[in-house]
Amino acid sequence: GKKKKKLFWVPAIAPLISVVLSTFFVYITRADKHGVQIVKHIRRGINPSSLNEIFFSGEYLAKGFRIGVLAGMIALTEAVAIGRTFASMKDYQLDGNKEMVALGTMNVVGSMTSCYVATGSFSRSAVNYMAGCNTAVSNIVMSSIVLLTLELITPLFKYTPNAILASIIISAVISLVDIEAMTLIWKVDKFDFVACMGAFFGVVFSSVEIGLLIAVSISFAKILLQVTRPRTAVLGKIPRTTVYRNILQYPAATKVPGILIVRVDSAIYFSNSNYVKERILRWLADEEEQLKESSRPGVQYLIVEMSPVTDIDTSGIHAMEELFRSLEKRDVKLVLANPGPVVVDKLHASKFHEMIGEDRIFLTVEDAIVTCAPKMDLEP
């Protein structure tokens, strides 16, 4: 069916043929008496109305509400995750609001006939996808067939082996495993790969809920790690420009004599303020050690490039104050370059600008360099 488009119907009817043949062979050989697990008895027809069994009072109301909220959240998360998987494969957009309305309507109506809490099924969606279904009409056809099956031919499935049902799901899901995407994730970000594998094995060996929980937990840990350990970089001047960039990324960038320029690539909060301060002091200690070994003058100014710093809290301001005092003891002057409007407002509100001095806050790194080292030849 994949090689010849004219034979597209072969893989489409393969699951049905598998069920019919396996059921027939189990019946004529009575394999169920020799250890083969079968579906056994399925009650005929659909559930009767259960409206008279819905109560909004009693001792179980609060417990039912809590369970309902939790089940609804899990069902919605699972449905949206599955929907996004197939949306990316088919290149269309998913509307989360419509998904929520559809799930809510489905479960409200279903509760009137004592149905289970329903959500999008990864396995059945995969089978539907592999059958070549493209629109919601497939669900209408499938629902009609299921209704006719429940009403008319349910007894015929008594001898259907569980193994054939599992094989249909497995064969459909295997095609959804994208090895190339996994390889790309490994190359781009190892942490994302760990989250991907956690989700994969959680779904395969447990359930979609467990897979989502593992992936979300790992992703949340990654976010915490990035927030608590933000990147910092030493900047140097690009030759024949007024641009200052990371010296590790741009080997041609040169340091300004007597001045250390450090960029903080994150907002400064209570979770990372001490780390940022200690990291800046470590950069300073390393720089002074290198200058001492080469018998060059030490660092006189430490410029903190703050353009990536979108926000700062009280703990961050306290860390900057401690940094200022530590630098004073080393006879190094602290200079700030390009702080954002939010950061500037908070520095003024905390009176930090009075401690450091208004003349130590500049619009750009170049302005700070020109002011702090006017006699130096800045052009390499």
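Along the chain as shown, the residues are counted starting at 1.
For all residues, glycine too, the Cβ spot is worked out from N, Cα and C.
Quick caveat, the model's predicted, so the values are computed rather than measured.
According to TrEMBL, the domain 'STAS' annotation covers 249-372. Secondary structure of the domain 'STAS' (249-372), assigned with DSSP and counted as helix (H, G, I), strand (E, B) and coil, comes to 62 helix, 21 strand, 41 coil.
Annotation source TrEMBL lists transmembrane segment at 7-28 (among others). For the transmembrane segment (7-28), same-chain residues at least 6 beyond its ends with a Cβ under 8 Å from one of its own Cβ atoms are 1, 36, 38, 127, 130-132, 156-157, 159-161, 163-165, 167-168.
Per TrEMBL, the feature transmembrane segment maps to 65-87 (among others). Panel annotation: around the transmembrane segment (65-87), residues 93-94, 96, 99-100, 103-104, 107, 117-122, 125, 129, 176, 208-209, 212 of the same chain, lying at least six beyond its termini, place a Cβ under 8 Å from a Cβ of the stretch.
What TrEMBL lists as transmembrane segment is 99-119 (among others).
According to TrEMBL, the feature transmembrane segment maps to 139-157 (among others). Long-range contacts of the transmembrane segment (139-157) within its own chain (CB-CB distance under 8 A, at least 6 residues past either end) are made by residues 19, 23, 39, 42-46, 128.
Beyond the ends of the transmembrane segment (164-186), by six or more residues, the same chain brings 15, 18-19, 22-23, 39, 85, 89, 122-124, 126-127, 129-130, 192-193, 196, 200 to within a C-beta distance below 8 angstroms of the stretch. The transmembrane segment annotation in TrEMBL covers 164-186 (among others).
Non-local neighbours of the transmembrane segment (198-221) in the same chain are 74, 77-78, 81-82, 122, 177, 191; each lies 6+ residues outside the stretch with a CB under 8 Å from one of its CB atoms. Look at TrEMBL and you will find 198-221 (among others) tagged as transmembrane segment.
Remote same-chain residues near the transmembrane segment (99-119) are listed as 46-51, 53-54, 71-72, 74-76, 78-80, 83 (criterion: CB distance under 8 Å, separation of at least six residues from the stretch ends).
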